[in-house]
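Here is the structure we will look at, set down as structure tokens.
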Amino acid sequence: MKQTVAAYIAKTLESAGVKRIWGVTGDSLNGLSDSLNRMGTIEWMSTRHEEVAAFAAGAEAQLSGELAVCAGSCGPGNLHLINGLFDCHRNHVPVLAIAAHIPSSEIGSGYFQETHPQELFRECSHYCELVSSPEQIPQVLAIAMRKAVLNRGVSVVVLPGDVALKPAPEGATMHWYHAPQPVVTPEEEELRKLAQLLRYSSNIALMCGSGCAGAHKELVEFAGKIKAPIVHALRGKEHVEYDNPYDVGMTGLIGFSSGFHTMMNADTLVLLGTQFPYRAFYPTDAKIIQIDINPASIGAHSKVDMALVGDIKSTLRALLPLVEEKADRKFLDKALEDYRDARKGLDDLAKPSEKAIHPQYLAQQISHFAADDAIFTCDVGTPTVWAARYLKMNGKRRLLGSFNHGSMANAMPQALGAQATEPERQVVAMCGDGGFSMLMGDFLSVVQMKLPVKIVVFNNSVLGFVAMEMKAGGYLTDGTELHDTNFARIAEACGITGIRVEKASEVDEALQRAFSIDGPVLVDVVVAKEELAIPPQIKLEQAKGFSLYMLRAIISGRGDEVIELAKTNWLR
């Protein structure tokens, strides 16, 4: 019996080290499903929704650094992959999506479930190609895999179900050679120019992102040599924050006042491996130097006075011998003092209260009780705020989220991918009640896959971050209310340990119990509804917006909201 196209794909993926494929099966994927069953070396991870499959594959790729795979059946099946694939692509992780298609003879006829996948996936992939004949598959699959790995993003192979069942070309090899990522270092002449510029610069600040992964030692040495405070972006937190005497916190909408003021007061700002997008948080008068492995990132969000293309570790390693050590610490010491004040202010907000459970306190205790090498995932919205401000990184912990794409409902799906990839490590999903309930169907996948993830729901019965933005704009928070749900009872009904927490005095015991259980657990914590995530700088328009919101709330007979807002944030 001749090898089918589907079998060729399965064996090629096996040779590339792929261990699992995430997806929802369907008739257009029958060829692939059958080949995987016969082969027995790649596990099919059956989710309830394809979006979850894409998020899970993205988390796997982010943790392993290797190619991860997801699949969707024709039409609606692979359409459901798109949001998760956008997140993978914008996170720069290598993911291959197999998008099954309708019978090849029916393409263009308006057939049942027909879509145009090549157009639909174009914006969330480096490569998207239709396999219309078996002869194409060796080249198309190899190119797709190579582009996903080397370009760090998504590739999509569109495969009609009938083509998958046809014989593969004779003599097609399934050998996969893993090409290593190139190490890019700027020319020495460019490095000397940068060293000279830094020599005559004062009040230097560093802004660091996820491109600093693996460069912690070089980064700290560089900052120490030029006496520069280090500000980090959210995606840089896990790589930069720990064991760092020069760290002064984050900047941005959910950052620290110390990080914000350090950047704004800098005369020279060095951007290292970051695509920080918020123009309002860049200084207007400073010289800006940018170093990034991706030339397309240069000058994308701010003006740039000097730019070098290179990976951060090798570039700093080559730059360090050329840089003259500075003696003046005034700017650095002021930034560190501001950071200590900002950190104390944030820690003061994370104290237990008899009136309500503050989410800051919950996040702080999660960090305290979690394993030293825990993997955290956090939903977009207020859980990301609390994770950014209160989780302590140590070089072993990881933090995953939808930090570039900003999609709701990412935390639980990413936790599935993380736990499957790292079965011996503790995985903690910090979910909002809005995000968790959006893709709650895959809570059943936790049971089915027997994945011991720990899910903590920040249950405030509101789309918290959206409501806060509406208040800042002066709007009433219509449409943000969520039904008060007991998620612990839902967990128990699904066969998972559920723990309900309604008092701050119960938090520690609940977390300790959850983290000690050898299996999945959901901790449903009722947190303060009107908690504000104060940005590092309050603009006049925001202050006016809050005043207008409070006036409108009182006029509309919703004065109780204003009272609760005051009690939660100012009358503790």
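Every residue gets a Cβ built from N, Cα and C, even glycine.
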Name the one residue among Asp433, Asp508, Asp518 that Swiss-Prot lists for the same Mg(2+) site as Asn460, Val462. Asp433
Write down the Cα-Cα distance for Ser210 (FAD binding site) and Asp433 (Mg(2+) binding site), rounded and given in Å. 28
Alpha-carbon spacing, Gly434 (thiamine diphosphate binding site) to Ser210 (FAD binding site), which is rounded to whole Å: 27
Nearest of the binding-site residues (Ser210, Ile254, Phe276, Asp292, Ile312) to Met408 (thiamine diphosphate binding site) - Cα to Cα: Ile254
Counting only residues outside Asp433, Asn460, Val462 in the same chain, those with C-beta within 8 angstroms of the Mg(2+) site's C-beta centroid are Gly432, Gly434, Phe458, Asn459, Ser461, Leu463, Gly464, Leu482, Val527, Lys529
Please identify which of Ile312, Met408 has the densest Cβ environment, defined as other Cβ atoms within 10 Å, among these binding-site residues. Ile312
Look at each of the binding-site residues, Ser210, Thr251, and point out the one with the fewest other Cβ atoms around it within 10 Å. Ser210
Spatially, and counting Cα to Cα, which of the binding-site residues is closest to Ile254 (FAD binding site)? Options: Glu50, Asn460, Val462, Val466. Val466
